[in-house]
């Protein structure tokens, strides 16, 4: 069976980029300072970095267990399946965005964790569709990677959320040193 793995890849990449950037922005959003440019920029950067690393690990781990698929359909088959699985992140991103920006909830990590786990399962199902048969090893591999990244997101976001405030303070301190000559007579 021949697949054109490039068909629709731009849309999938745009969707994935949008999802992870919005999740990062929502994670660092402060309802008391909604237009904080450093929080928005840092959130988008963290979300995109996290999404890129998550995608790479998912492709690598699923690829380790599907050498025959890569041999039969090419190296892009696993990446195609993972990218299609990433589309299952959309409903969770919408829920996180509504909860964060409309309802002003501050703890929306549960949507991210659930979305990441759904992506792992969906990627395993997409591999099964390509192979024509479901295998438990794909679900286990994607589940492990998704669990680790879900756990990592939950642990690191509270730490990263403090970074924009520290960055803003450091920039103000640097600015005051430069204006006053460093406080020297």
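Note that Cβ sites are derived from N, Cα and C of the backbone, with glycine treated the same way.
Residues 39-40, 42-48, 50-52, 55, 83, 86-87, 89-90, 93, 96-97, 100-101, 104, 106, 108-109, 112, 115, 157, 160-161, 164 of the same chain sit 6 or more residues outside the transmembrane segment (14-32) yet have a Cβ under 8 Å from a Cβ within it. Feature annotation from TrEMBL assigns transmembrane segment to 14-32 (among others).
According to TrEMBL, the transmembrane segment annotation covers 44-65 (among others).
Counting residues 6+ beyond its ends, the transmembrane segment (86-103) has Cβ neighbours under 8 Å at 12, 15-16, 18-20, 22-23, 26, 29, 55, 111-112, 114-116, 118-119, 121-123 in the same chain. The transmembrane segment annotation in TrEMBL covers 86-103 (among others).
According to TrEMBL, the feature transmembrane segment maps to 109-128 (among others).
Annotated transmembrane segment per TrEMBL: 140-161 (among others), in sequence order. For the transmembrane segment (140-161), the list of distant contacts is 27-28, 42, 46, 50, 53-54, 57-58, 61-62, 64-65, 85, 109, 112-113, 116-117, 119-121, 123-124: same-chain residues at least six beyond its ends, Cβ to Cβ under 8 Å.
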